Amino acid sequence: MTVPPPIVAPSILAADFARLAEEVRAVENAADWLHVDVMDNHFVPNLTIGLPVVQSLRAATELPFDVHLMIEDPRRWAPGYADAGAYNVTFHAEACDDPVALAKDLRSAGAKAGLAIDRDTPIEPYLELLPSFDTLLIMTIKAGFGGQRFVPHLLDKVRTARRHVDSGHLDLRIEVDGGIAADTIEQAAEAGADAFVAGTAVYGADDPAEAVRRLRNLAERALAGA
Ligand code: DX5
Ligand code: ZN
């Protein structure tokens with residue numbers, strides 16, 4: 001099987017919100033996607049940015065937007081992000097009673113559809129829904145805040161998903177989010193992830209673009225050996 005090149009998606013949650021456009025441009029030539037964390041203070045306790053910021057930022061960069069909605073009632077809000085030009089819109093399984101219907105709505109609005117699985121949610125009940133999705137985001141922390149410590153045993157879900165995706169020949173990215181850094185990305189890649197969100201590891205570095213390239217190299221090497 002040919003291994004697709006890994007995706008590295010810096011999370012602007014760790015960027016300086018007063019200089020967002022500049023912070024995005026700092027990774028423009030290094031990143032594959034830009035990960036945008038939308039939190040509503042209900043699904044998670046934290047509050048971040050919403051549609052108006054995403055709309056403004058869309059005009060400031062060529063990078064594809066990987067929007068991660070940590071919100072309640074995604075059926076009401078998610079299609080707006082697709083309309084705003086997001087490349088991929090991911091919503092949480094825990095927040096949606098009909099994930100397949102919303103995936104269809106997102107695809108008809110021109111975006112890819114992503115399903116996110118939080119720390120305490122098992123993956124098994126969702127495996128059969130995966131043909132309706134383009135990305136599966138497996139949290140490697142509890143969703144809500146950046147800068148948390150990576151939880152290694154959550155990679156068991158990545159392994160289960162990878163086996164399912166490969167045996168079913170599904171065309172799906174398996175993305176990990178939370179605590180991804182130079183000392184954790186290889187184990188995530190070996191477990192079967194092929195898209196990697198990194199906030200602190202990118203924007204906490206002196207040179208964010210260089211940090212992205214370093215992460216990609218580590219992931220590439222681990223995927224080639226996996
Ligand atoms: C947290 C967000 C993550 C966050 C990751 O709920 O979904 O995308 O930005 O931050 P780090 O890479 O610092 O763990
Ligand atoms: Zn995220």
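Keep in mind that glycine also has a Cβ here, set from the backbone N, Cα and C atoms.
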Per TrEMBL, member of Asp177, Asp183, Asp194, Asp206 binding divalent metal cation alongside His35, Asp37, His68: Asp177
Candidates Ser11, Gly144, Gly179, Thr200 (binding-site residues) with Cα within 10 Å of Asp37 (divalent metal cation binding site): Ser11, Gly144
Cβ atoms near Ser11 (substrate binding site) (within 10 Å, other residues, all chains): 23
Lowest local Cβ density among Asp37, Asp177, which the record lists as binding-site residues, within 10 Å: Asp37
